[in-house]
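Peer 1: Pasting in a structure now, in structure tokens, and then I'll have a few things to ask.
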């Protein structure tokens, strides 16, 4: 299982930053020797990012490998063009990393960040790497003309979001029982389907069925009456602070809203019990339930994984792998992954290495009806 990551200190030799004014000047000048790396969750990157930046949102499941030195930075890109661009330019360009907000970082307080880990790794690999003071929030507030915003493209049901490579080492598309396992020592660029061909970056067009009554989707799925009717969805769990419950006044759907942003400071785990209870209520009434956030890759995934952990007695890794097999572009932020680890300890669950659930018991490992998981046997805990 994943251990809690040790802090990566911002040693004085690596605590080097660039201001947003400096970055704006470089962009105004058209500096072609500038490589921007956006370290925020994929959902935030797709909503808006600094022009020309490439996304390196790293799921917590991969950070330990990176920290131990088992994973080069170039392996964090599954998109060939991004990987080639990084490999070609990292040795000569000025590399600038940014997260959502890093204005208060210093040598003593920046230790537990993804940026701290990446900066150290980049410098170890000989790159001239810096972090952006104030992060994306400060840059966008002062120089929004150099930000690219995509308000309509944040949902995977309309266009496939950029995949997060850190999870490429997981086997995600096979009917064999061994494919539930997290094969973290494989080359993360070698993920293949069951026939050995490279995995496609395309994502499902509609909500993904995790269990016969449980669907994982995005904001647009929650506004499509045809989709909701097709899947028998009458319960909608909205894991955002501000997206509207569109059909709430019609009386046909039951809503629950969890007011959480996709940010490292948010405590999503405090809502696990009521979210799990809401999903169970839908199951008890033989209704479908849609769990959604904005893009359907972070907050809603975290809640879905928590549900599988508690109701099926699965470790975090096993539950995560199941959702990953169904929807390959998931990317919960680092803090949410840590909360799932804490939830695993609270539930007293074993590591996946010690307590694998046999594949014949899992509905989601095969389309064969002979291996359907008996959902009615789920017991509340």
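Every residue, even glycine, has its Cβ placed from backbone N, Cα and C.
The shown structure was predicted, so the numbers you read here are calculated from the model rather than taken from an experiment.
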Peer 1: Any idea which of 148-175, 176-203, 204-231, 232-259 is down as region 'Disordered' in Swiss-Prot?
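Peer 2: Checking Swiss-Prot against the ranges 148-175, 176-203, 204-231, 232-259, the region 'Disordered' one is 176-203.
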Peer 1: Would you mind listing, in sequence order, the residues at least six apart from residue 293 (active site, phosphocysteine intermediate) in the same chain with a Cβ closer than 8 Å to its Cβ?
Peer 2: 43, 218, 219, 238, 239, 240, 262, 299, 300
Peer 1: How do the residues of the domain 'Tyrosine-protein phosphatase' (206-349) split into helix, strand and coil according to DSSP?
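Peer 2: Taking the domain 'Tyrosine-protein phosphatase' (206-349) as a whole: 67 helix, 23 strand, 54 coil.
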